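Down below is the structure, laid out as structure tokens.
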Amino acid sequence: MSWSQDDFQHMRRAIELARRGRFSTRPNPAVGCVIVRDGRVVGEGFHPKAGEPHAEVFALRAAGELARGATAYVTLEPCSHYGRTPPCAEALIRAGVGRVVAAMVDPNPQVAGRGLSMLREAGIEVASGLLEGDALAINPGFIKRMSEGRPFIRIKLAASVDGRTALANGHSKWITGPQARQDVQRMRLAHGAIITGADSVLADDPAMNVRPEQLPASLTLPDTWSQPLRVVVDGRARLAPPLRLTAIESPVLLASTRAYGCDWPDWVESWQGPSRCDKLDLHALVAELAERQINTVMVEAGASLAGAFLSAGLWDELILYQAPKMMGSDGRGVVNLPELAEMTQVPEFQFKDVRRVGADLRLTLVRAES
Ligand SMILES: Nc1nc(O)c(N)c(N[C@@H]2O[C@H](COP(=O)(O)O)[C@@H](O)[C@H]2O)n1
Ligand SMILES: [Zn+2]
């Protein structure tokens, strides 16, 4: 498929529009649409929130009669099904567009190519795959859940340059600087759930929420944003109020293998899952989160739980903030892994991105290519 300079320009704009919804559309994907007639943009739209119209509908409304014979650039294949809203493919056909360019096929099994087929069958010229990599990068969680049935899991770690997270006596505040901590706030916003462990809650009494006043000033929060679900892996149900985490009125899920002997506020739900090797089965927890339509999960946990997610293969991206400090070999390590006897057993990663955040480094690692 060959694309013109104009095609690239309009799809780039559609991607920019899609990104406006990235903090508010979950469980839906963030999608953008641009309608162009005779080289002139006649309509633009993005999906702001699940339950509200899709990007194509906003763009068609803006274009009105000018949509007839126009080209619609959409970052995701137009939908073909009745979900919370009617099919966009039908709306595009009714509006009489002449050409539809999609960046990628919708991995939702209810759509999966049917939207593009409907358009083709109606005589519309259809092309797909323009700036696909950029479109894939907007919705990693939606794509993961639709194609593999589990959320995209990001493990966040913070350590000194010698890989320590705390002194031997447990003191750990603060390893990274204020800009790295602000970066974590921004990252939390993009996740449907944040997971931590009971040990971290008992040691640090964290709130685990997004604090808008701590977000970068350059970031405009849409009115429709929501707090991520805060999840605590508390296998033996050791937690009890009062906790900062449960005092803040936004959803918390306490995941354990047994019942609690105490009462929690209405916004705190306890969920009992199966155990595996005497611990809460993390596969079952992740499946439960997918069932609850959580697309992206950030694990912000201590060395044991982070290591357990890694060892179980339940991860897609590792974010490691490294502070220019040394805490010495008596300090605590960043992840616990089972004892390894051979170098061939050492888990290998590859760097996807390395950048400075204030005084610290932020390393993004993914699985090594085999
Ligand atoms: N092409 C397209 N544009 C949008 O703006 C969208 N939000 C979607 N989403 C697809 O439709 C499903 C959600 O449908 P409802 O909002 O429930 O009607 C979502 O799972 C995607 O497959 N697609
Ligand atoms: Zn749609």
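The backbone N, Cα and C atoms fix where each Cβ goes, glycine too.
Binding site for substrate per TrEMBL: Ser172, Arg211, Glu300, plus Arg188 from the candidate set Arg150, Arg188. Matching Asp134, Asp204, Asp330 to the NADP(+) binding residues that TrEMBL gives (Ala158, Trp174, Gly302, Ala303, Ser304, Leu305, Ala306, Gly307, Ala308) identifies Asp204. Ser172 (substrate binding site) and His54 (Zn(2+) binding site) are 45 Å apart (CA-CA, integer value).
Considering only the binding-site residues Cys79, Arg188, Asp204, Ala303, Leu305, the residue whose Cα is spatially closest to the Cα of Glu56 (active site, proton donor) is Cys79. In terms of DSSP secondary structure, the domain 'CMP/dCMP-type deaminase' (5-127) contains 44 helix, 24 strand, 55 coil. With a cut-off of 6 Å between Cβ and the nearest atom of ligand 2, the binding-site residues Ala158, Ser172, Glu300, Ala303, Gly307 reduce to an empty set. Candidate binding-site residues: Asp204, Arg211, Glu300, Leu305. Nearest to Cys88 (Zn(2+) binding site) by Cα distance: Arg211. In sequence order, Gln185 are the residues near Arg211 (substrate binding site), counting only same-chain partners six or more apart with C-beta under 8 A.
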